[in-house]
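In what follows, a single structure is set out as structure tokens and then discussed.
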Amino acid sequence: MSHPPVTCKRLDFKPNYTVSIAQSIQLAFNDSATSDVTFQVDGKLIHAHKSILRIRCDHFRTMFNENWNQTQSAGVIAIRDFSYPVYWAFLEFLYTDNVNLSPEEAISLLDLANCYCEAPLKAHCERLIKNSITIDNAMMLYLAAVKFSASELQKFCFEFAIHHLTRVVSTEAFDELDEATLRSFLRQAAAAGAFKY
């Protein structure tokens, strides 16, 4: 019995990836089907992945250490110190390196970044806030920068306020400064030569 001739043909396999690894990680954010940790903020749930959070954030690396037991991991973690949009933006940043918040909410995110010692997020918030500075909000942003030890942002807000001093001192935010902050600001302004007469 004879066999028909067999020819071998080389198969070229070219994967057709339509989604990159970075895009896949972004798509995994808030995916309840694949998540293994859930946060509850203002009564709303945010789904995440402990492995991604541990890789991206020292706070979570410590939180989800080897002593983290299974009963804790099965539950929902309640977040009370931050609003839902701010905590959502924080977790989304860990997945995407982007922040999608209003400048006003970015101040609260700056607070979170300060609490969680997240320097990259803090720098991102500072850039977002710098791009949104106006005459009306300059002193509010200056005060937030002082409060959250954001020295570069504080310097930026101070210089902006000095360049627009006549208009800034007429704002409601300037009127609402506490006495110690006002005194400190005026001394810095004098040292910078803002009062030439």
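Using N, Cα and C of the backbone, Cβ positions are placed for all residues, glycine too.
Automated prediction, rather than curation, is the source of TrEMBL annotations.
Note that the coordinates shown come from a computational prediction; the quantities given were computed from them, not determined experimentally.
Copied from TrEMBL, the annotated features are:
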- 35-103: domain 'BTB' (DOMAIN)
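Under DSSP, residues within the domain 'BTB' (35-103) fall into helix, strand and coil as 32 helix, 14 strand, 23 coil. The average per-residue pLDDT of the prediction over the domain 'BTB' (35-103) is 89, rounded to a whole number.
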